[in-house]
Amino acid sequence: MAPPSKSRRFARPSTKKKSSSPSSGKKKLTAAERERSTRPLREDLVLQACLEAYALVRHEGRLSDRALDFTLRRKANLYSSERRAVAERVYALLRRQRTVDFLLSRAHPRFDSVDATRQDVLRLATSRVLHGEPLADVARTSSLAPGDAQALSALPQAAAALEALPEKKRFPIAASLPDFLAERFLALYGKDAARAAEAMNERAPLTVRANLLKEDRDALAKRLAAAEVESKPTALSPMGLHLETRLNVFALECFREGFLEIQDEGSQLLGMLVDAPPTRVVDACAGAGGKTLQLAAQMKNRGDLHALDIDERRMEDLKKRARRAGVHNVRAQLIPAEGPEVDTALEALVGKADRVLVDAPCSGTGTFRRKPDARYRLTPEDLETHAARQKALLERFSRMVKPGGRLIYGTCSVLREENEAIVEDFLARHPEYSVRPVAELLGAELGAKLGPGPFLRLAPHTHGTDGFFAAVLVRAK
Ligand SMILES: C[S@@+](CC[C@H](N)C(=O)[O-])C[C@H]1O[C@@H](n2cnc3c(N)ncnc32)[C@H](O)[C@@H]1O
């Protein structure tokens, strides 16, 4: 098991600069890039862009990646170091939103009554302090309104007030989770809940999967090194590499030539569990094809890989990605979401597949590192809707598994109600299926690293991956 990430005390504003070096190695910079990256940020421009992007997310409900994309596209005058600072600061604030708001409500006597922009300036400044930037630097570069610098100075006392709250009240605020999710985290992780939430509030690594149809990961690492990109092998997946985070992968020649795909290590492990033979395989919720391409490589580009989804745009992306990766055993099929037409569309595959992967739509609670704002959109009712849909999809697509074949159910959620509970419900109605422990499929060494239990259960604090769940169910012959 990967060592847990170093735990940072919540809400203890530090006065020291946080180390910025990710363990994943660094892209070597050219002289011009080095000069640009050491140039001081033009803080006024960075702040303006942060305010615009943040307002789009929090006040207009846009998704964080789209809001940043939209904002930065209109800021052609920003240097790349400044663009990175904008993205990092906005994401960092979204990850710590609830903590920041609590601290400011204590540190600033009139926080609720100052205007929205002034509040956001204060939020961004507080988040920077919370993430380890020296208070004096933040105060100097944040364009604070007169008097607001005092609020920053009062943050340590506000942090002490947070620490003094009873655990049940403190945890949701310190973890920056809505109450209903905090409750679930406490129930799921017990004494490790704070560590789990802390790791979910860290920046995620940039991880790629070597396209084994072209070459293995050692060859890819050399290819990347030749392009001055350092990488580090992933600890669990044998085809993954972590890259220097500050890198536009899409601009790399080896990306355009299909040698790699961006894919979290947890997602790679889920894909490995499919263990797809070169016969007939169904990827029932294929989306833009993250796992489809991995399955195609497992099948060595042979047999029939049916990629299904209801989303036309994602299916188009899948086709483009398959072309780039040199994959040609995929049959992409757009299917209806509901109604009797679904059965008609799927009829030819009933009882025919050796493997069916249901990578179900879910709450995404395992991917909060990458989509920090998702937690504020999610409601308890959404969880019920997800569970009902997951049950229905498993029921529907299980019909395609042939006797002796396998049904693989996966999510990027960490919540029991979308994972174990769905599998238990399915098994109660389908005695012809039994659980195959994941360690048996992945081998003793890797199995031991994944932990106990018959299912794949990953989380940032235990494995350094995004949160994933998977179950492998075998249909009796
Ligand atoms: C978690 S995403 C899949 C991610 C994808 N497997 C990957 O690795 O990139 C879930 C997908 O399920 C699709 N979906 C939702 N309802 C569906 C349905 N009724 N039938 C098939 N796919 C569905 C969504 O459009 C979405 O692309």
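Positions of Cβ are set from backbone N, Cα and C atoms, glycine also.
Among the features that TrEMBL reports, compositional bias 'Basic residues' is placed at 1-29.
If you look up TrEMBL, you'll see 1-37 marked as region 'Disordered'.
The domain 'SAM-dependent MTase RsmB/NOP-type' annotation in TrEMBL covers 196-476.
Within 10 Å of the C-beta of ASP309 (S-adenosyl-L-methionine binding site) we count 22 further C-beta atoms, all protein chains included. Positions annotated as S-adenosyl-L-methionine binding site by TrEMBL: ASP309, ASP359.
Counting every protein chain shown, the Cβ of CYS412 (active site, nucleophile) has 25 other Cβ atoms within 10 Å. Here TrEMBL flags CYS412 as active site, nucleophile.
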Using Cα coordinates, what distance in whole Å links ASP309 (S-adenosyl-L-methionine binding site) and CYS412 (active site, nucleophile)?
17
Compute the C-alpha separation of ASP359 (S-adenosyl-L-methionine binding site) from CYS412 (active site, nucleophile), stating it in Å without decimals.
8
When DSSP is mapped onto helix/strand/coil, what comes out for CYS412 (active site, nucleophile)?
coil
